[in-house]
Amino acid sequence: MESEQLYHRGYCRNSYNSIASASSDEELLDGAGVIMDFHTTEDDNLLDGDAASPGSNYAMTNGGGAPSSSTHLLDFLEEPIPGVGTYDDFHTIDWVREKCKDRERHRKINSKKKESAWEFTKSLYDAWSGWLVVTLTGLASGALAGLIDIAADWMNDLKEGVCLSAMWFNHEQCCWTSNETTFAERDKCPQWKSWAELILGQAEGPGSYIMNYFMYIYWALSFAFLAVCLVKVFAPYACGSGIPEIKTILSGFIIRGYLGKWTLMIKTITLVLAVASGLSLGKEGPLVHVACCCGNIFSYLFPKYSKNEAKKREVLSAASAAGVSVAFGAPIGGVLFSLEEVSYYFPLKTLWRSFFAALVAAFVLRSINPFGNSRLVLFYVEYHTPWYLFELIPFILLGVFGGLWGAFFIRANIAWCRRRKLTRFGKYPVLEVILVAAVTAVVAFPNPYTRQNTSELIKELFTDCGPLESSQLCQYRSQMNGSRAFTDNPNRPAEPGVYSAMWQLCLALIFKIIMTIFTFGLKVPSGLFIPSMAIGAIAGRIVGIAMEQLAYYHHDWFLFKEWCEVGADCITPGLYAMVGAAACLGGVTRMTVSLVVIVFELTGGLEYIVPLMAAVMTSKWVGDAFGREGIYEAHIRLNGYPFLDAKEEFTHTTLARDVMRPRSSDPPLAVLTQDDLTVEELQGVINETSYNGFPVIVSKESQRLVGFALRRDITIAIENARRKQEGIMLNSRVYFTQHAPTLPADSPRPLKLRSILDMSPFTVTDHTPMEIVVDIFRKLGLRQCLVTHNGIVLGIITKKNILEHLEELKQHTEPPAASWYYHKKRYPSSHGSNGKPRSRVHHVQLIRSFQDSRGEEGDDSEEEEVCLLNGSGL
């Protein structure tokens, strides 16, 4: 419905003011002032009238109206026109044009830097602007991540009680300075009061439990309600993970406002509220969105990036690396995550700047020290026990579980999100969040492993049992005494407390699986990394304890007897939890290299890379057996974003003519002629059609391709000519050639639009295999490609057409090839079966026929239409 979108924005009425006012520094990638001058010369300006052809009788009036003796058309506007070369909302950028503009800008700077000291200083500023913007992005990302971590921990503990000595302290900080804590009850201190103690005056008993239960539900619902209301009212784009949209934006798509100031502010606030509400979500995915918002905002300080869409995406790639760096305390993993998972275009210099941004962000977060453990993450662990070869079997089994869980979660979550999108239930996002938060709070409170913060749960599951651990999972003996050290009997039997904890972990596993399906996709900031890791960590810890008890009770088995030495730790349950977490996260996201490096940086040990690699690859293979899409690709496809995944293979035998538009049942292709149009006719085309651009041909008789003109550029050029250039009338001749055509002496001033004409559009022949066309679109980032036969334009292929074609092939409804395809001698649609050309009027519709097609439905050559959920959805 793009024509309706353009109409409501005023584009169908040629309103230049509406186009100019649509850009602001709060909007994503507006690129105001970008000029498409990469194929023009200095004397070839947009609204000039260059030297007329010999014999022209046309004369211009100069100044007060006296006729000029010059036979040349004056260059009325020497400065570029703001808005030409920019993009509308929900459109795709032209990567090739943006790179050409950047090279032209760089050549101009190099040519002027020797003229003066000021120009040399400007060239240095331009050269260092890339490092400056990623430095600012890293600083802001690290500071915001530290603020979010501290605030989320405090508000999460607020559900259970409050610190009387200092309201701003969380539970752990409140008891740090207390001298009345014991080893067994280190979390209890007089300064920290539960809500039952404050309200009822008692800490134990049924009444105290019910009061704490009620206050837990009250605070959870309050935080969730406030979060969803802030998102709905102030920044609908602040909901969800943000990674699917970040991937789409980095591929060249425009979503204005998604990385703006309001989105950054509301996302930061509501992320704290959503995490504190106890919902089954994490803050790691949204931190990537927060970092990209910082990168987008800081890029406006540097013209090198604010006026070039492709260059701006290099900053966003570095920002995504900084986001993962502060989310997991893994700078190298963040760089690999940006390279493997989100980035579409990743040159070598972007790799260096991503590494630097991740380094700066990690340094700032480490300086803030939000967790008080001198680490970048809460669940940093170190193991001192090696793994043994026979443990590869349970590690691979955990990988199988991770792949099965990932495939199940993707299908279930996509089915629920599709149901939410297509039914009336999706119209009430506040009610949905309140219901999910209420169910989560009611079910989570009785179980200590679901009541606590998910990051703290992962920390407890990752941690190996030692003399300083008081967790129920470490109750391997009924009591400890000083006469017998904790490490005298490493392979020790489990006490009833361990078995009770395992039952609670099994219930927590079922609870997390169910609630994560319904939580991801709510209209609040919701990450998927931490819930997936928690599910895998629970399963891994259960398997680890089971293997540990097998090694104790059956130490004479062949496997244990061969590998486990007497008197030494044989099984490390925390290692199984770590491997299970990596397997489940890999099964959901289908990440491999970056995931292994992230988890490796969490543990700080090189010797556990092989178990991690085995589990992650197994989970990916098992998940790919049920579907090759990860959760982010699945949500991209659900929302209809125009994203061409480079991981997909095209193995079909269709040709370009099978995909191009128009088809036989469609209206003819709309084209412009290079020198025999009037302004009125050109305006008629723009008003009566919703096409994104128009091929320009030589003439009605020749129909040879000259170039391609974008609808937006034509609209802006006409509006500027009317406002700033005298003599432009409805019957003024419009020409795209270098020289003005021969005109009568009484003709109005012509309008030259050669500067907005792309003289080198990408073209393929009608016999080009679609496998090559898809590769061209992926690797060059094209918006559209023209299909020709012997230089005559036959049709156009857009990214939308390719996505529709790929979807048809996925559903095994490949469109049948034309009858001529199976002949030994193939002819295009413009030729008959005998090889002779047919009449061209049925294949290429010229300007004057547009008046007859008034009211017809627009063809698919317009830019891709995007169906967003209310507030983006994800």
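Any Cβ shown, glycine's included, is placed from N, Cα and C.
Residue ranges 342-364, 388-410 are listed, and TrEMBL annotates 388-410 among them as transmembrane segment. Below 8 angstroms of C-beta separation, residues 391, 394, 397-398, 401-402, 405, 449, 454, 457-458, 461-462, 473, 491-494, 498, 502, 505-506, 508-509, 512-513, 516, 561, 564, 570-585 of the same chain, each at least six residues beyond the ends of the transmembrane segment (534-555), sit close to that stretch. When pLDDT values are averaged over the domain 'CBS' (660-726), the model yields 85. When Cβ-Cβ distances below 8 Å are used as the criterion, the transmembrane segment (315-339) is approached by residues 130, 133-134, 137-138, 141-142, 145-146, 246, 249-250, 259, 283-285, 287-292, 294-296, 298-299, 305, 345-346, 350-351, 353-362, 364-365, 375-377, 380, 529, 591, 593-595, 597-598, 600-602 of the same chain, each at least six residues removed from its ends.
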